Ligand SMILES: *[C@@H]1O[C@H](CO)[C@@H](O)[C@H](O)[C@H]1NC(C)=O
């Protein structure tokens, strides 16, 4: 190789390096965050027969078949943190299939649990997956705070990164490093802001009763099995307690409650969390988020004045946007991508009116 190393190749090498760095330096929250192997932070949760780990333990496949779904959980509860995975969803006909990547303490606090979700809702063949985010605090499930979006890519073709930042001040959902939803904590939100330590879950399961067009399309196991793949696993945060199944729930409640109360215990981790890139929403990031939401969002509680005449305190209401929301809402329609022809890609989403859609 050394013999081929002519002097004019040096600038080329430098150029390539510079270009590579420019590409890698795109605003990608969490891209510089170390990933871990499954064994370093996770434990199987259910359907272990339907869980497959790669030889290097950095990729996990979860399958739903007619016998079972599957899931894994972090080995600890965390009091705030940054949680991320690259996720690839099953292809073709996936109506009724739900893939979820979320934080929760619902197994410990039955009546007043906290939860932050990415929920992927399968669809019929040629219809796109939907993505939903939810925010619950202290059992606020009767005040649903969901949003739904179309993803600006085919989530079955390759893995994309989904991340949740949860600090004492703000929750931010990220997709491929782009902030897509921000829920700042405010006094008015009260207990609705998730405040007790949560574990991270990744699951696949049968959501036939509701996931696709309100349950109209159920899981068709003849089209299965359905497999979702998780890699680039990130767990950064302050561990509050070990997740142990068959644990004495009352004792665990006390332990998690005490961890939430003790500010000093996690002060270092909290400082690191709040000063990281992914915890700071610059004006530019906020603009990018707004544009993303205008393009991709199907539904937000913030603009559903039928359901919530007064918007939630964390809503950043923009009147022009709200007007548009009523114009398209769930009627936003996606044309399936044309595959394998000349490599040209159509825009992922197109807005059409309800009349055109049907
Ligand atoms: C959470 O709910 C419990 C009862 O379910 C209540 O006693 C407590 O005050 C609530 N906490 C907050 C922060 O609102």
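Glycine is treated like the rest: Cβ placed from N, Cα and C.
What TrEMBL annotates here:
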type     : residues : note
SIGNAL   : 1-30     : signal peptide
ACT_SITE : 115      : active site, nucleophile
ACT_SITE : 119      : active site, proton donor
COMPBIAS : 337-347  : compositional bias 'Basic residues'
REGION   : 337-358  : region 'Disordered'
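Same-chain residues at least 6 positions away in sequence with a Cβ under 8 Å from that of the residue listed as 'active site, nucleophile' are, in sequence order, 102, 103, 104, 105, 106, 134, 135, 136, 194, 198.
Counting only same-chain residues at least 6 apart in sequence, those with a Cβ under 8 Å from the Cβ of the residue listed as 'active site, proton donor' are 98, 99, 100, 102, 131, 132, 133, 134. According to DSSP, the residue listed as 'active site, proton donor' is assigned to a strand segment.
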